[in-house]
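Everything on this sheet refers to the single structure shown next.
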Amino acid sequence: MAGTRREVRRPHVEVGQGRPLREARDRRRALLGHVAPRQAGGADDDDVTGSPFVLRGGGGRRRGQTGEDEQGQQQGGRTPGTKGVTSAGHGPTVVIRAGRAGVGHNGDMRRLSRPHLILGVVLFVLVAAWPVAKFLVFFPQDQWQVDVQVYREGGLSVLQGRDIYAQMTQPPQLLPFTYPPIAALLSVPLAFVPFEVAAWGWTIAQLAADVAIVWFAWYRLRERVGVWAPVLVGVVAAGFLWTQPVGDGIRFAQVNAFLVLACLLDLQRPRQRWLMTVPPGVLVGLAMAIKLTPGVFVIHYLVGKRWREAGWAIGTATFVSLAAWFLLPQASFAFWGGALSDPTRLGPNEGSANQAFRATLLRRGLDGPELLLAWAPWLLVVGVAVYWVARRAHRQGDWVAEVAAVGLAGFLLSPVSWVHHLHWIMVIVPAILGPGVVRWRQPDWPRVAAAAVVVAWFVCTLPFWGVLWVRADRDPRWVGDLLQEGNVIGSVVVLVLLAWAVRRSDREMTAAEPEAAPRVTP
């Protein structure tokens, strides 16, 4: 009709990758397995991939999805029975399956069933019985819980006004207090109870911390098993007591379990509800104030330009240390003015129990400038490698691998690293397993094999096998020397496997990403 305008409807061209940033982020997290698992017995349980998420094209209808569900999805809503982001019919969509009745990513325990909880406790006690009994019931009294003796002596020195860093534990150990003054203040409660009570109480607290580490670090598998989570956590946590680093933590009554847990919670994403009011970096700062090794996390923050976390960590450690200086000025001056720079206070640095690379050089006869020249390249290479792994893991949103890499750096770079300092193995193993651990029908066997190698390696007490070999004057001598460096070599192997696992996650994500092809919609 003359005078009538004709409206021409142009096709709408949409590029497949042009989705909102938040959806792209959630898809990336889903590809890593950082999501809730599939619904048990649901319509998608026969999915051949065994994956906890579904990647489907836009406009398609999921198995079992009704027209009403699809309509609701196209209106920007969530499909009933799913958790996750939908894309209103445009482009590929990750639909995150609903989890089994159990616990969520934030560790909510309200839906745990009592029978499974009881079974988990029973299995934990059964599996942990021998490692705990070996060190607390059958161990020689002169070597019994020696580190809690150190803590208790520090607390007693505070109460009695003694010089904290001049006191020694009872013979034959004669160990000095080697921690910052704030640790002595925190040890005061131990001085109010008999030593035996303090030792048993410390062991129970350590075991609880180990269970908590597994609960959070193994969240992928924990969510996958649903109501069986207490059983999984109990068996895995008790199983780690059979490894040398974690078992020696019980043997000596060490503090490492609490430090690992603090750093793990500080970097966890999303944070626990009860930690929402605590800024990221505070727990790392507290851990660093108690023992200096967690300071590697501050270096990680600074190198990664994460100024907020670094600021809170440094500020917290500084505030706590200044508070201790105000309460214990003489002890603070003694520690920061001399005791800190004396590594001999920590014990014989060249002994086989010290599995730092610097100790390896000492055992080879190096000292003075030669030692520094040989140690410096190690620090540089390991530092760069750890930064690469941790940075890549952080960009992927894989906070477990990030914690594992940075924690391992503390062991590799420290001048003194006792065997029990490698408590990070409880985080390293799930970091290597990655998201493939939740796929029942198609498990990621290379990851499983790598994790099994790590566990088997540290179940063996290689350094002390080497000591026995050398003392027996067996041939060839180099076998004993090599075994004595077992955990040094093992920690390097672990770093390589962590780098491989993080790189593998990158490849898996790239392979799962659809090609960015333009799509024309009328």
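Cβ atoms are placed via backbone N, Cα and C, with glycine included.
Those TrEMBL annotations? Automatic predictions, nothing curated.
According to TrEMBL, the feature compositional bias 'Basic and acidic residues' maps to 1-13. Positions annotated as region 'Disordered' by TrEMBL: 1-92. The transmembrane segment feature in TrEMBL is assigned to 117-139, 225-242, 282-303, 310-328, 372-390, 399-416, 422-441, 448-470, 482-502.
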Distal contacts, the transmembrane segment (372-390) - CB-CB under 8 A, six or more residues away: 300, 303-304, 357-358, 361, 366, 401-402, 405-406, 408-409, 412-413, 495, 498-499, 502
Contacting positions for the transmembrane segment (448-470) when only residues 6+ beyond its ends and CB under 8 Å are counted: 242-245, 352-353, 355, 419, 422, 425, 428-430, 432-433, 436-437, 477, 479-487, 490, 493-494, 497, 500-501
Folded-back contacts onto the transmembrane segment (310-328), same chain, C-beta under 8 angstroms, at least six residues removed: 158, 164, 180-182, 184-185, 279-282, 284-286, 288-289, 295, 297-298, 301-302
Top Cβ-contact partner of the transmembrane segment (482-502) among 117-139, 225-242, 282-303, 399-416 (pairs under 8 Å): 399-416
Sequence-remote partners of the transmembrane segment (117-139) [C-beta within less than 8 Å, at least six residues beyond its ends]: 145, 199-200, 203, 207, 211, 229-235, 237-239, 241-242, 247, 250-251
